[in-house]
Amino acid sequence: MNVGTAHSEVNPNTRVMNSRGIWLSYVLAIGLLHVVLLSIPFVSVPVVWTLTNLIHNLGMYIFLHTVKGTPFETPDQGKARLLTHWEQMDYGVQFTASRKFLTITPIVLYFLTSFYTKYDQVHFILNTVSLMSVLIPKLPQLHGVRIFGINKY
């Protein structure tokens, strides 16, 4: 252990999803959210699954595709200032294990939600729109692209 030394990463945002235990913690947080929503009285199971999916995808969209920059003062001369967390992750390399995990997780949650809502039309449409809103920005073709200038600065 090196006491008193700084981390070796220029931008710690690039490797945060590769930290030990982060994937398990992420899945457990989704499970905890679901259990908390299940504990609300008079809310049906299909509504809870849809709420779990919508809250997860909203949080994922905000934290990965809307928030830009880094909370650290980095010596990269402002390169990370204009990039979302998704674009910074793994130094922008596509198809890494972390990116695959964060792409597959909402898909698995979508399948579970669709199953437990018994493919109800309203739930299905809400969950599909929510899934597309987090999957489309993850496409490699949209790396660094700001559609209609949204989130440009």
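Cβ coordinates are placed from backbone N, Cα and C, and glycine is handled just like the others.
Note that the structure is predicted; figures quoted are calculated from it, not measured.
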Membrane-side pairing of R15 with D120, Swiss-Prot annotation
no
Segment confidence, the region 'Important for ceramide level-sensing' (1-17), expressed as mean pLDDT:
66
Outside the topological domain 'Extracellular' (118-121), at least 6 residues beyond either end, the same-chain residues with a Cβ under 8 Å of its Cβ set are 46
